[in-house]
Amino acid sequence: MGAGWIQGVVNYARKLKSVVITCEQAKEAKERSRIPYLVLHRCWLKDQPVVGYVVLVLFIAVWFYILGNVASECFCASLEGISDIFRIPPTLSGVTLLPFGNGAPDLFSSLASFAYEPSVGLNSVLGGGLFVTTVVVGVVSIVGVGERNVQKHCFVRDVLFYLLAVLSMMAMYLFPRATVWHASYLLLLYGMYGVSVWWIEKRVQVHQFGEENPSTPLLEGTREREIEMGEVDQAHHEGLSRLPQWEASRLAQHSVFAHTKPKPRPLWDQSSSERMCTPICTTCLWYLGEAINLPQKLTIPPVSETTWSKNFASVSIVGSALSLTWIWGNPSSDVLGFPLWMLVLGIGILGCLLSLVFTTTAPPRQDSARLFWILLAFMMSIAWIDLAAGELVSAMVALARLLAVSPGILGGTLLAWGNSIGDLISNSTIAKSPSTGGIQMAISGCYAGPLFNLLVGIGLSMFLTCLRQYPHHMILPIDGRLVWIGLFISVGLISSLVITLNDKFRITKQLGIFLLLLYGTFMIRQFLIASSE
């Protein structure tokens, strides 16, 4: 094994040295991103290659942060508002709004990657699923406290559905020509999962409470956000205890930090930074986070009662109008003899003035007024996530070309880790908190999230791609790594099911250690294969 590692490092060093991308080749690459990453590295910083790599990695880190921050702070808040206004039943929101909000980064990364590099999206979703079902489940099994038994029907349902989804994806590689029917099958399979969740959880709820409450909003007490923090936490945990287990796990993932983080949230938590940095360093990090968050504040209206600001909401009308024109339109196009950006700017300024006149400093209470701001925040959150996902995939592809590795490898490792690190933090935090259901809730979220990303993320991306290429078929990228990732996921799922059945549905630390060793074996194989290519 040691000789293999050394030989692998030597082979990779030789391959990296042989890679030569000139400035002219970088310009001819015609990157689809708004930032020319290859040109930045090979032309603008060609005399400082180390600086070029650092800048590229920083871009990837910033896009990762924007992607996750917008999804958690803005997108999920708008979904909560929509559920509250329309009084969507918890079971329905549990299989629609909640996974859509939690899986937004993975979903939009998949959509973007299918337009740029399909292998990146496929490796990212499957690699993220492997990371969550091995590393995250392993960590949860080791650090979890309190009750270690899981509900039999929930655990078996989630594991079997995810195993079926992975095997279905692997079967498609036997016939690499994907059609609309293949994509529809993936979406239909998630619909069947949603129906099974609704049916099982309805029976459990009726058995526990005698009747279900169809008018309960997604987050109980969203209009009482101004009460004391202790009362919020108590009401929050009581609300979770009355929700179906799968939905409560997804809701708790989003809410674990929502009641503990100060608003507005900087790039790094200032209290933890003070223990590692000098006051000057801490101040610099805080201002850096605020600088990154500023464009979002100027374009996405705050819809939560704790973050509401009349001034920012009014300014966001102008910012959102210009941003939507730049992200999804062509600002230089002519409309009625005027540049589009000029007309949009005029309409935005008019809307801003009307908002300053008729909007109060207190958060809006009427559903009609709330709905306007919530829909605007919803639309701008999607625009920001779409922009960040596209730029992130483009930066990853550029980095892969510069490092002489397959884009699929970075998609299955770096991009998968970035999109899954939130699951690791939130699920491990839930597992250590007996008041929120402990291990049961964390384990449920570990399988429901990757299942949504695979069936809806890949299914929707494949469906839209097939429609664009109709009547031609979509050719799936031939990548043996995808099959190996699927095999490792299958081994992990089957092993988890067998070990848990043998332990009478008790999550043990031995299971966690086995899953972590399984993922370590996968990473060793990935490195050896990448170095030998």
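Any Cβ shown, glycine's included, is placed from N, Cα and C.
Long-range contacts of the transmembrane segment (50-68) within the same chain: residues 35, 37, 40-42, 105, 108-109, 267, 292, 296, 384-385, 388-389, 391-392, 395-396, 398-399, 402, 414, 418-419, 422, each at least 6 residues beyond the stretch ends and with a Cβ under 8 Å from a Cβ of the stretch. Residues or ranges marked as transmembrane segment by TrEMBL: 50-68 (among others).
Feature annotation from TrEMBL assigns domain 'Sodium/calcium exchanger membrane region' to 58-198 (among others).
Annotated transmembrane segment per TrEMBL: 120-143 (among others), in sequence order.
Sequence-remote contacts of a segment are chain residues at least 6 beyond its ends whose Cβ falls under 8 Å from one of its Cβ atoms, and for the transmembrane segment (155-175) they are 126, 129, 133, 182, 185-186, 189, 193, 196-197, 200, 246, 443-444, 447-448, 450-451, 454-455, 458, 476, 482-483, 486-487, 489-490, 493-494, 496-497, 500, 505. The annotation transmembrane segment is assigned in TrEMBL to 155-175 (among others).
The transmembrane segment feature in TrEMBL is assigned to 181-200 (among others).
According to TrEMBL, the transmembrane segment annotation covers 311-328 (among others). Cβ atoms under 8 Å from those of the transmembrane segment (311-328) belong to residues 295, 297-302, 340-341, 344-345, 347-349, 351-352, 355-356, 359, 373, 376, 379-380, 383-384, 386-387 of the same chain, restricted to positions at least 6 beyond its ends.
Look at TrEMBL and you will find 340-359 (among others) tagged as transmembrane segment.
Look at TrEMBL and you will find 371-389 (among others) tagged as transmembrane segment.
Here TrEMBL flags 374-527 (among others) as domain 'Sodium/calcium exchanger membrane region'.
According to TrEMBL, the feature transmembrane segment maps to 395-417 (among others).
Cβ atoms under 8 Å from those of the transmembrane segment (451-470) belong to residues 99-100, 102-103, 106-107, 109-111, 113-115, 118, 121-122, 125-126, 128-129, 158, 161-162, 165-166, 169, 178-180, 182-187, 189-190, 193 of the same chain, restricted to positions at least 6 beyond its ends. As annotated by TrEMBL, transmembrane segment applies to 451-470 (among others).
Per TrEMBL, the feature transmembrane segment maps to 482-501 (among others).
Away from its own ends, the transmembrane segment (513-530) comes close to residues 4-5, 8, 12, 130-131, 133-135, 137-139, 141-142, 405-406, 409, 412-413, 481, 484-485, 488, 491-492, 495-496, 499 of its chain (Cβ-Cβ under 8 Å, at least six residues beyond either end). Summarising the annotation, TrEMBL assigns transmembrane segment to 513-530 (among others).
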Sort out the residues at least 6 away from either end of the transmembrane segment (120-143), same chain, that have Cβ-Cβ distances under 8 Å to it, and list them. 106, 109-114, 162, 166, 169, 393, 396-397, 407-413, 415-417, 419-420, 423-424, 427-428, 431-432, 439, 442-443, 446-447, 449-450, 453-454, 457-458, 461, 476-477, 479, 481-482, 485-486, 488-489, 492-493, 496, 507-509, 511-516, 518-519, 522
For the domain 'Sodium/calcium exchanger membrane region' (58-198), the DSSP helix/strand/coil residue counts are 119 helix, 3 strand, 19 coil
